[in-house]
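Engineer: Can you read through this structure? Questions will come right after.
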Amino acid sequence: MNFIYKKWLPSAINGLFLFFISITLIGAFRSDNLKISTLTNHFFLILLIAILAIVVLLFSKHAKKWIDKYLFGVKKIFLENIGLITGIYFIFGFCLQVFILTNISAPIGWDVSAIFNGVSALPENKEVISNYLSINPNNSFFFFLMYGISKVMNLFNHTWGSSWFVWQLWNIIFMDIGFVILFKAAKYLFNKKVAYLTFYLASFSLMFSPWILVPYTDVIMIPVISAVLLLYAKQIEIKNSGVWNLIFIGILLGICYLLKPSSIVFLIAWTIIMGIKLLTTGKLYKKNVLSFFVAMFFFIITVGCFSIFQKQQTIVNYDAEMQKPWTHFVMMGLTGSGGYSEKDTRKVNSLPTLEKKKKYTTETIKKRLEDYGMVGYTKFLLVKHFNNTDRGDFGWGRDGTPQNPTKPSKSEFQTKLRDTYYQQGKRTNNLRFVMQILWIVVLLGMLLSFFVKDIQGGTLLIIKLTIIGAFLYLLLFEGGRSRYLIQYLPFFYLLSANGLARINDIVSINGIKKSFTSTDYRGSLPIRTDEL
């Protein structure tokens, strides 16, 4: 039985992970974001010059001498002062984010708009937000969070709580805090090299992306998930980390569930690894079991307390019969691109009771599966996985309406900036192209992480299982665009950084052998399961 935990489980997870990442990479290379024809002429010229420069640097003898003389010197200075340079970059990056936001801030549509308008209308008008949250109670925690932030902002200025700029500024703050926490988590779990790579992958991918405009649960999950990873890291790396660490893990997991139920895939992966270890080896100490149940107790308490709050509060009036059942999202995930369906939503919302909604969606699911057949459904899932994962812009512009700023541009520079960030802009494909290249780099790093194995079921194995779980969840439920991956990006960046950190070992034959067996790198060591 011990063989299952030590040999079969890692092999099964790594094999399944390799399968999914390979398909994801194929989809990323097929993405429309890489179409040269959609780029502006100026950007294409810059891209062409950059490619030619790289070719010259790689194949010219004189260029190689120049690299040896100057670039390696720059690299040495960077590595010797990486902490200071990263700090300066982070501060400068935040200032640049605020500057960009000042020029491009505009209302965002769909769910974000519904919550923003609902908060702004209170307390005079409860009906708008009450109807929305009755239909979409899964967004209740986020609504009350933003309602609280808006109340605090109104103490400073009565217009700040209902300002798109202020909401988007908070979105930037949440995002950047997430990067810092993720850096700390990576440092605890692995080492400084992986931590810095994780930070730069995350910040390059998102810090200057259009997602700074979208104050929604996607971005806010980054600091929450990163905080869970940090506390998890302390739990397994620090002896006697204390009961408070477990309490906060439970509370944060509860917040994850309340913000996005799909985000607790990490908890499921962790539980599966622990459960299989217990069943196959019998080596799970009382401390492990007690720690797990302490965290789960406070997870349940957190979710339960918010449920009680929902029933007692008077800010919003809920109508339980208007709620969409979870089967609605499975049903939508079985049609079209596997994403949102206006037709399905209208039909479900038109049904008078929750029971009728459940019955209709269940029957529709069965019918759609029967219509597909085994082969048809398999083909549908493959196409849906491409839709779920192929775009490095994370589906920017797939949801919502075109951005219409409340104030006209004051300069040509502001016009060009808006033209770059707004989904209907002529230059937005340039930004999408850059984000797609970064996404491919992240995926290649994840592919390389296949060679960095946790032989006895360590942290990397749990992260890989989490990512597999995320892919499976999006295949079963509403997906259809890569926006839903944002909540899982901390796991993607951690795994990619591990692969990129050991690229020198992996690209050589001896390195490949070493990467399977090395114990000089914390990422390839097994978790100390006595401290789980």
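Placed from the backbone N, Cα and C atoms, the Cβ positions cover glycine too.
What TrEMBL says about a protein is an automatic prediction, not a curated fact.
Predicted, not measured: the structure shown is a model, and the values here were computed from it.
According to TrEMBL, the protein carries these features:
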type	residues	note
TRANSMEM	12-30	transmembrane segment
TRANSMEM	42-60	transmembrane segment
TRANSMEM	81-100	transmembrane segment
DOMAIN	153-301	domain 'Glycosyltransferase RgtA/B/C/D-like'
TRANSMEM	164-182	transmembrane segment
TRANSMEM	194-213	transmembrane segment
TRANSMEM	219-236	transmembrane segment
TRANSMEM	243-276	transmembrane segment
TRANSMEM	288-309	transmembrane segment
TRANSMEM	433-452	transmembrane segment
TRANSMEM	458-477	transmembrane segment
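I'd like these features described in context: how deep, what's nearby, how far apart.
Structural biologist: Among residues of the same chain six or more beyond the transmembrane segment (12-30), those with a C-beta under 8 A of the stretch's C-beta atoms are 382, 385-386, 389-390, 392, 436, 439-440, 443-444, 446-447, 450, 453, 461, 464-465, 467-468, 471.
Taking Cβ pairs closer than 8 Å, the transmembrane segment (42-60) reaches residues 36, 67, 427, 430, 433 in its own chain, all 6 or more past its ends.
For the transmembrane segment (164-182), same-chain residues at least 6 beyond its ends with a Cβ under 8 Å from one of its own Cβ atoms are 90, 93-94, 97-98, 101-102, 105-108, 116, 146, 149, 153, 198-199, 202-203, 206-207, 211-216, 219-220, 222-227, 229-230, 406, 490, 493-494.
Among residues of the same chain six or more beyond the transmembrane segment (243-276), those with a C-beta under 8 A of the stretch's C-beta atoms are 4-5, 9, 138, 140-142, 217, 220-221, 224-225, 227-229, 231-232, 234-235, 284, 288, 291-292, 294-303, 306, 457, 461-463, 465-466, 469-470, 473-474, 477, 484, 487-488, 491, 532.
Residues of the same chain lying 6 or more positions beyond the ends of the transmembrane segment (458-477) and with a Cβ under 8 Å from any Cβ of it are 9-10, 13-14, 16-17, 20, 24, 189-190, 236, 262, 265-266, 268-270, 272-273, 329-330, 333, 338, 381, 384-385, 388-389, 446, 449, 452, 484-485, 488, 491-492, 494-495, 498, 523-527.
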Engineer: Given the transmembrane segment (194-213), which of the listed stretches 81-100, 219-236, 288-309 has the most Cβ pairs that are under 8 Å apart from it?
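Structural biologist: Ranked by Cβ pairs under 8 Å, first place goes to 81-100.
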Engineer: Could you give me three numbers for the domain 'Glycosyltransferase RgtA/B/C/D-like' (153-301), the DSSP helix, strand and coil residue counts?
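Structural biologist: DSSP classes over the domain 'Glycosyltransferase RgtA/B/C/D-like' (153-301) add up to 127 helix, 0 strand, 22 coil.
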